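Enquirer: One structure follows; several queries about it will come next.
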Amino acid sequence: MKLVVGLGNPGEEYARTRHNVGFVVADRLAQLAGASFSAKKFAAELAEARLGPERVWIMKPQTYMNHSGEAVGAALRFWKLGLDDLVVVHDDLELDPYRVQLKVGGGHGGHNGVKSVNAHVGSPEYARVRVGVGRPPPRMDPADYVLGKFAKGEDAELDLCVEQAVEATRLAVELGAARAMNQVNRRSRAAD
């Protein structure tokens, strides 16, 4: 069994914001798997699905970004899952917009949701699907930038990026992060 976590903030006011791209990917992954977020546990919305041979819980923590790790840590402990069973999808300021990268471990890059997950699972050594949102314009607070909404004209690029992130997540679940990284990151570099 695997746990896939899309990071974001609950509430309609955060829909379509850069910071909620993890929720968008989780929603699309569940939709493609024919699953719905019908369960509520660990202060999160959960959808049970199958990705290839793997049973997967897709999670959207409802604790707000800075406390996302509470739900993730509780779920890992409850289901007795290890860090190699965890895939977290989140926005990333350090990646160019619409670029998708898969990595294991590394720093949190100032992302409070990732910081919280690291603190509650005891390590950064889990798979992360990083979805690039780019850097804010000069003199703009990064918090204001990530809480800003994607522009209407960005729909096609965002949709393609979400599909790439869904595929990266699926590969991480089905192949394991190490094998999946070769495919996902090679594709991402080829798109440059």
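Keep in mind that glycine also has a Cβ here, set from the backbone N, Cα and C atoms.
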Enquirer: Return the residue out of N112, N118 that Swiss-Prot annotates for the same tRNA site as Y14, Y64, N66.
Expert: N112
Enquirer: Distance between N9 (site 'Discriminates between blocked and unblocked aminoacyl-tRNA') and N66 (tRNA binding site) at the Cα atoms, whole Å?
Expert: 9
Enquirer: Compared by Cα position, which of the recorded positions Y64, N66, D91, N112 is the closest one to H19 (active site, proton acceptor)?
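Expert: Going through Y64, N66, D91, N112 one by one, the Cα closest to that of H19 (active site, proton acceptor) is D91.
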Enquirer: Given the recorded positions N9, N66, N112, which one has the fewest other C-beta atoms within 10 angstroms of its C-beta?
Expert: N66
Enquirer: If you measure Y14 (tRNA binding site) to D91 (site 'Stabilizes the basic form of H active site to accept a proton') at Cα, how many Å is it?
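Expert: Approximately 13 Å lies between the Cα of Y14 (tRNA binding site) and that of D91 (site 'Stabilizes the basic form of H active site to accept a proton').
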Enquirer: According to DSSP, collapsed to three classes, what secondary structure does N9 (site 'Discriminates between blocked and unblocked aminoacyl-tRNA') have?
Expert: coil
Enquirer: Quick one: give me the count of other CB atoms within 10 A of the CB of Y64 (tRNA binding site).
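Expert: Counting Cβ neighbours of Y64 (tRNA binding site) within 10 Å gives 16.
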